[in-house]
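Some notes on the structure that comes next.
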Amino acid sequence: MNVKDLRKRVPYQIQRDVLDELSVDQVAEKSDFKISTKEKLRDAVRCTGPRFKSCFLSFVPLLAWLPRYPFRENAIGDLISGISVGIMHLPQGMAYALLAAVPPVFGLYSSFYPILIYFIFGTSKHISVGTYAVMSVMIGSVTERLAPDSDFMIPGNDTNSTTLDIVGRDAERVKIAATVTFLSGIFQLLLGVVRFGFVVTYLSEPLVRAYTTAAAIHVIVSQLKYSFGINPQRYSGPLSLIYTVIEICALLGKTNIGTLVVSIVTILGLVAAKELSALAARKIPVPIPVELITIIVATVVSWQMDLKTEYGVEVVGEIPSGLQAPVAPAVSLLGSMVGDAFALAVVGYGIAISLGRIFALKYAYKVDSNQELIALGLSNSVGGLFNCFAISCSMSRSMVQVSTGGKSQVAGAISAVVILVILLKIGELFEELPKAVLAAIIYVNLQGMMKQFGDICSLWRTNKVDMVVWVMTMILTVLFNPDLGLAASIAFSILTVVFRTQLPKYSILGQVPGTDIYRPVEDYHQVKEIPGIMIFRSSATLYFANAEMYIDALYEKTGVDVAKLLSHKKKLEAKRLRKEKKAAKKAKKEAKKRAKEAAVKAVGPDPDPDTTLPRAIILDLSPVNFLDTVGVKTLCNVRDNLYSLGDFFNEKVTKSILFSSVHDAVLYSQQGNSKEVQYILISHTHISEVS
């Protein structure tokens, strides 16, 4: 005999009395002790030595972990990792600066200052903060909207000729990018100070992955002009991506062949080199710096062949050496970029904390979500003062940092030192680098994001609602741009939650034989209803949006038609009154007492209750995680409606008929009088709200 058969043969027994909520409160001796608001406030503001030390160290994590840094175990790995990631920062920083519509050197600044700030205040040991494609394209949408090329056209010598003031345009765009970065950092700081790190919970994984995929499409479209050597008109607002694609298609006839050849050769070379690098990764401890080799080779070829002069290929141009002094943000621009800055703050934090939690779970340490907000906020706000643009973390750099032995934030600091050396000494060597090469680097780096289209098939098999969220996020972000697309996607994602609660599954539960387990009778063959007892459950919580549907489903499933029963009761009452009047007329001459007795005898006893109605109705409220006032009133209305039937249901809903389990309610209802019909609520967490 196997264990399964043995379990079926064992009779079910309950080894305790049936307890309602009043009994539970008495047996468990429920405590009425509550901490007053004044005491809570006093405890929150109390400052002691240990508490101050703990708060200070949590605000500056560097002071907590650096004195205990295991130099022998981590130093070599962090050194190799930092150098490897620093080399990656060079091409990615310059390339992503094009996305932000600012000169490439500012991408290097954004790969230096914010990293040092995060090194001091961050709590993740493995993520690589710095320039990121999605953030850069969001910055670019702001800079090109507020400083379009049309504002910097200078009349030429001829009547109809104009020239573009590139220097003035770039200076204005750098100011805009730095200002919106500063403001996004302030938003992140404020959210961190008020402990608002949970805001990222509204960014579900399907939403984030779809959003980054759609942002990658924006990135690709924005770089097509560098690949074809054309200059399409700048569009902003909804559907701007569609207009831009149409404009690019119209300008394909003006493609610069030299630029297109450089772009195609670079893409093919990068793809081939990355495949070879992946094959050699098992044998070589340090990844091959494919992108760095690409920009070095491209710069040398461009310089030797004079691609700029001979073929009209656009190059990076002047890269100033050294660092710049801090500059105050343009306060006059803040009002026009509040929405963009908040979107940058939320997206940057959402991407960073998601990746940080993945590594923290893998390597068994904790990432403080609120401290991450503060670290990123300081990185962006301080970086904005030094003409940096908004940063987040990069999956590709983080993976390289981990795979090359990086074990702490020291690797990030070393990568910042590498960028500092480049800024001070060798940055100007890349002035002849074609912008088409940087665009090609962006294309190849985005292939991982484009593979996320495979999520649609996997989500279709696992959760169709999440699949709809993915597709709608993708469509909304492509059509409405990253800033408005994010807001629309979050709103749609929240709406799906509302729809799920408005369209719950209503079920009648039955008992699994020999157990205290209850399951929907329509889903199981062996689950049977208990005679005379209806157990009703909704799969969603009970609140204002679905309260009316809850009542309708309850009456439909239990077969209790309140309106019909009330109509029947009124007819019986009217019939009784008519008989009383008739009997009263016949007994006018008799005494009042005898007249009443004759009336009762004429009418006779009330008919028996309808045997088709359930003897007990049990509402299983275990899926209910909160009750609003409408939910409470709904339960009271159910009670009132059933009580108005008079002979069928009792009057009060008190703790004496509230139970902590469905099985206790079933046992209680079976103990009662067989002709007594009861109305029982089951709840686990909200007894006080309905009692």
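Note that Cβ sites are derived from N, Cα and C of the backbone, with glycine treated the same way.
TrEMBL: automatically predicted annotations, no manual curation.
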Region 'Disordered' per TrEMBL, picked from 33-57, 158-182, 583-607, is residues 583-607
Give the one range among 176-198, 241-272, 409-426, 470-499 whose Cβ atoms make the most pairs under 8 Å with those of the transmembrane segment (341-361). 176-198
Considering pairs 6 or more residues apart, do the transmembrane segment (373-397) and the transmembrane segment (470-499) have at least three CB pairs under 8 Å? no
With the transmembrane segment (96-121) as the reference, which stretch in 176-198, 409-426, 470-499 has the largest tally of C-beta pairs below 8 Å? 409-426
